[in-house]
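Read the structure below first, then the notes.
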Amino acid sequence: MLQMHTFNSWLPPIVIFLLTLAYWYGWFTLRRRQKIIRIPHAISFTVGMLLLSIAYLPEMMHWGHADMRGHMVQHLLMAMYAPVFLVLGAPSTLLLQILPAPIARRLTSILKSSFFRMISHPVTAMLLNIGGMYLLYLSPLYNQMHHQPFLHHLVHLHFLLAGYLFTWSMIGIDPGGHKVSFRLRLSVLFISIAAHAFLSKAMYAYTWPKQSIHSDQQIQEGARLMYYWGDLSELILLIIFFSMWYKSRNDSFKSVPV
Amino acid sequence: MKLGSLSHRKSGSLWAGVLTGTGIMAAVDEIIFHQLLSWHHFYDKSTLEIGLLSDGLLHSAELIAIVAGFFLIIDLNKNQALVKVRIWAGFFLGTGGFQLLDGTINHKVLRLHQIRYVDNILPYDIAWNATGIFLLIIGIVILIKAKKSGEIEIYKNKA
């Protein structure tokens with residue numbers, strides 16, 4: 001029984017490790033054929049997976065469950081830091097190239113579907129990402145999450161997927177992505193950073209989430225972590241965002257579509 | 001990459017300087033006064049609600065300004081459109097402007113936080129805003145000088 005529990009709690013890091021191995025397998029298989037995903041991209045993906053696996057370590061899960069600070073560190077890793085590095089690894093490009101043609105075609109048609117185009121639009125992706133956080137901390141959802149493990153996992157998965165989607169809509173390098181103007185993406189980024197800063201300060205000021213299992217002091221420390229460490233991840237995102245702008249202006253031939 | 005007109009390059013350089021200056025001053029404020037000295041509070045109870053919202057927007061703008069300014073400068077440089085003296089003018093206008101705006105609107109009108117939590121805050125406020133005005137004057141002086149000898153500076157730069 002105990003062993004089963006241990007296995008379950010180690011399952012996410014194991015899955016992450018296996019996915020990383022699969023990525024590298026694909027990368028080595030394709031390294032002669034494809035030119036988009038070079039070694040820095042592969043390293044970036046590995047760093048992203050490493051950050052993600054830290055967020056999913058059993059100790060981290062316990063800390064995140066009992067302590068607002070732990071929860072916030074998990075949020076930062078899953079939704080902000082890991083996605084930046086994962087997106088730069090262009091895993092979907094790699095996947096499309098390694099899969100057998102019929103399956104790859106089906107996947108491409110899903111990626112080109114109007115539904116996916118809608119949810120991966122910067123505005124929608126921002127609403128899913130930041131809007132999800134407002135919903136989590138300002139509604140009873142956060143407290144319910146502590147009673148239902150299923151909900152807890154769902155929230156973590158949402159952190160990761162929405163964070164990835166948003167980051168991808170900003171700095172995705174996979175071909176066939178959205179052609180959204182630089183100005184619109186920058187405006188969305190501006191609102192998103194402001195909304196994140198405002199939410200963390202408001203959580204500090206009014207000790208949201210209300211009636212949680214955490215002390216006010218713990219919530220305030222969590223909110224500070226969210227503000228300052230969120231800042232750093234947004235700075236990294238901005239640097240990548242603008243370096244892509246610079247590259248697209250100054251490259252005579254574009255190997256990487258921006 | 002085709003070169004823009006002369007006035008276009010001059011204003012481009014000035015704005016790149018303003019953005020960088022604003023961003024750097026905001027970063028200095030955050031690193032020195034928030035983190036190292038802990039003089040400023042993250043939030044204090046006198047902060048107005050509208051202050052919290054404007055703080056978020058301002059913060060986002062600062063973060064974008066520092067990165068955008070930096071990349072604009074290297075882009076101008078790459079395309080030989082950099083007017084150095086205008087960058088410096090813009091830089092001082094940006095730092096001084098931000099310092100003054102922070103010292104008046106943020107600290108006094110929106111009451112985001114005070115410079116330091118002491119009984120007599122007046123000397124701190126004066127020093128803060130005087131620094132801002134001083135930096136602004138430097139920016140204005142450089143700009144006036146640049147206007148007088150602007151053309152020469154550009155050709156020096158291109159060479």
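Counting begins at 1 with the first residue displayed.
Keep in mind that glycine also has a Cβ here, set from the backbone N, Cα and C atoms.
Just so it is clear, the model here is predicted, and its values are computed rather than measured.
For reference, TrEMBL has these:
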type	residues	note
TRANSMEM	A:12-30	transmembrane segment
TRANSMEM	A:42-58	transmembrane segment
TRANSMEM	A:78-99	transmembrane segment
TRANSMEM	A:119-138	transmembrane segment
TRANSMEM	A:150-172	transmembrane segment
TRANSMEM	A:184-206	transmembrane segment
TRANSMEM	A:226-246	transmembrane segment
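Within the same chain, residues 52, 55-56, 65, 74-75, 78-80, 82-84, 86-88, 90, 119-122, 125-126, 128-129, 132, 136, 141, 144, 178, 180, 185, 188-189, 192, 237, 240-241, 244 sit at least 6 positions outside the transmembrane segment (A:150-172) and bring their C-beta atoms closer than 8 Å to a C-beta of that stretch. Sequence-distant contacts of the transmembrane segment (A:226-246) (same chain, at least 6 residues past either end, Cβ-Cβ under 8 Å): 72, 75-76, 80-81, 84, 88, 167, 170-171, 182, 185-186, 189, 193, 196-197, 199-201, 203-204, 256, 258. Counting residues 6+ beyond its ends, the transmembrane segment (A:12-30) has Cβ neighbours under 8 Å at 37, 42, 45-46, 49, 52-53, 56-57, 89, 91, 94-95, 97-98 in the same chain.
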